[in-house]
Amino acid sequence: MMRILLFLATNAAVLIVFNIILSLTGIRGQDAMGLLIMAALFGFTGSIISLLMSKRSALAATGAEVIEQPRNDTERWLLQTVHSQAEKAGLPKPDVAIYHSNDVNAFATGASKNNSLVAVSTALLNNMTRDEAEGVLAHEISHIKNGDMVTMTLLQGVLNTFVIFAARMIARMVANNRSSEESNSGIYFLVAMVLEVVFGFLASMIAMWFSRFREFRADAGSAELAGKQKMIAALKRLQAIHEPQEMDGKLAAFAINGKRGGFTSLFLSHPPLEKRIEALETSK
């Protein structure tokens, strides 16, 4: 429900800005509507394709192997724990995979709750107790339960649409104010490209802010599924080992770890570990 409300609210905001720009520039609504449709087509296509391919892409990027038949006690425990938590959360059983990495991490991905994946690194299994790992797994199950993959796709699609539309509308306004029609085309594309970079930069800040908000929700969900102390213990273990590195690409948005920074923290997908621990410790 929340992702639908977010989608509607964000689109309403885009339409408001759309009408403001039309009134300020005097550009005909028919032309602007065509541009908006084009921007939405480009803005959502990439995000939706990425979502549909997310599971396969994640397996390929990490070299993770899906557990079909457990080969040892660790794999058996991992499979049983994930499936038990999924059942408790009212979800279908996700695929479970292990990938080789020196980084203590885990992530969830997939196009829907019915086609999801939970993957953990070998370093996590080797460096965490089972209680701590259970907290991490519950965190990932919470991402799936909350529909975070779909929510981020919708948000990214709206942001992409706004970036393309706003950049090209402003570029059109600048180009139309030029006296020489011969240079209009070059000015238009130059301004559009520069503004798409600038607006894309700002859009990334919005997407990462929402990602950090979503991490707090997944932590709270883990506390409900596995117990608050297990999630706190897992986060403290991450602190004790090291401040984990950010994962590459889109996988970072659904991983367990996070690191802090000054201005760069605005572009991190996760809040600082100490803030996540504090939020859990002060929650009821």
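Glycine residues also receive a Cβ, built from the backbone N, Cα and C atoms like all the rest.
Here Swiss-Prot flags Glu140 as active site, drawing on sequence analysis.
Here Swiss-Prot flags His139, His143, Glu215 as Zn(2+) binding site.
Per Swiss-Prot, transmembrane segment is recorded for 4-24 (among others), and the stated evidence type is sequence analysis.
The annotation transmembrane segment is assigned in Swiss-Prot to 33-53 (among others).
Annotation comment: Swiss-Prot describes 147-167 (among others) as transmembrane segment.
According to Swiss-Prot, the feature transmembrane segment maps to 187-207 (among others). A Cβ distance under 8 Å defines the sequence-distant neighbours of the transmembrane segment (187-207), meaning residues of its chain 6+ beyond its ends; these are 152, 155-156, 159-160, 162-164, 166-168, 170-172, 174-175, 178, 266-267.
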Row His139 (Zn(2+) binding site), column other C-beta within 10 angstroms, all chains, value 30
